[in-house]
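Asker: Features from TrEMBL:
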COMPBIAS  139-163  compositional bias 'Low complexity'
COMPBIAS  171-189  compositional bias 'Low complexity'
COMPBIAS  294-316  compositional bias 'Low complexity'
DOMAIN    27-130  domain 'Phytocyanin'
DOMAIN    191-294  domain 'Phytocyanin'
REGION    131-189  region 'Disordered'
REGION    294-325  region 'Disordered'
SIGNAL    1-25  signal peptide
Amino acid sequence: MAVSRSKTLAFAAIVIAALLHISAAQTPHTVGGNAGWTIPQGGESVYSNWASGNSFAVGDILVFNFAAGAHDVTQVNKADYDSCSAANPMMTSTTGPARITLNSTGEHYFICGVPGHCSAGQKVTVNVLASTTGPSPAPRRALTPAAAPTPSTSPVAGDVPSSAPAPTPSTSPVSGDVPSSAPVPSARSPMTYTVGDSFGWNIPTNGAALFQNWAAGKDFMVGDILVFNYTAGAHNVAEVTSDAYTACTTTNPISLDSNPPSRITLTTAGEHFYLCAVPGHCSAGQQLSINVTGAASTTPGTPSPSGSTTPSSPAGNVAPPSPNSATSVAGVSAAAFLSVFVALLL
């Protein structure tokens with residue numbers, strides 16, 4: 001019986017190791033985050049900063065999001081990367097989103113082959129390390145049957161006679177217990193969102209989808225703050241009605257701010273519409289609509305002299321969750337698998 005259980009444990013360890021290996025492989029990385037694969041306003045440093053904040057392993061996947069016909073992804077060697085030359089590409093993809101699997105270790109170089117784009121900063125280099133596997137299983141030990149206890153006819157100290165009454169359960173709460181009347185935690189603190197993240201409040205190369213994709217999945221609440229980063233004199237921020245947003249008109253804006261960075265506190269629930277009032281910018285995609293839900297805190301923001309609003313206690317920028325930090329489904333399955341086998345063996 002002990003040998004059979006030992007074999008079962010060994011098989012479980014092999015399966016778990018395989019599952020953990022799968023969970024460690026093929027992590028997707030969206031190049032540039034929410035900004036996507038486009039000409040960055042901050043130059044080449046936008047993508048180098050993005051790459052420095054990620055770890056790349058063999059089997060991982062780079063995802064380049066761009067509009068077909070506007071950009072491409074070209075893999076080149078280091079010399080061509082430095083000179084922004086796409087004359088001898090290792091591979092080229094012209095359809096977005098492009099998914100490129102990292103199949104070898106070392107540095108990999110990617111540029112946009114459209115003339116002028118690479119020299120404007122649309123280039124990225126990533127350093128790929130060897131893939132890692134899950135932790136090694138703990139050494140197995142032989143399971144020996146325990147000797148059956150010898151029945152005793154005399155009571156031992158600490159035994160409870162069969163005629164002793166069962167202890168009465170305590171009705172008073174123990175330290176650490178949460179009574180049913182415990183208060184519900186209060187709403188979260190106000191959050192600060194930088195519109196467009198590193199791309200900022202600029203004319204997107206792929207239309208209004210860039211800002212709508214940025215807003216998708218975020219939970220905007222009353223008390224939160226929007227920060228619009230742009231160059232003074234080049235752009236502005238106007239809050240308008242739904243009709244004005246659709247028509248890209250700023251004849252009667254609800255508010256207008258041209259002093260960057262513009263900080264706007266969300267003081268009411270419902271849909272809010274923003275656009276750049278500089279002629280032609282809204283129609284080129286520089287517009288944003290968000291849906292604001294219940295209050296994040298009971299203390300509203302205080303209006304500032306510039307017309308924007310600031311919170312009474314700003315909470316700092318909030319970055320979107322990285323896909324690398326998500327719990328691996330395979331890892332959870334491995335843990336569940338292990339618990340089943342341990343339960344069968346006990």
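The first residue you see is number 1, and the count goes up from there.
Note: Cβ is positioned from N, Cα and C throughout, glycine not excepted.
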Asker: When secondary structure is assigned with DSSP, how many helix, strand and coil residues does the domain 'Phytocyanin' (191-294) contain?
Answerer: 16 helix, 37 strand, 51 coil
Asker: Count up the helix, strand and coil residues in the domain 'Phytocyanin' (27-130) according to DSSP, in that order.
Answerer: 17 helix, 35 strand, 52 coil
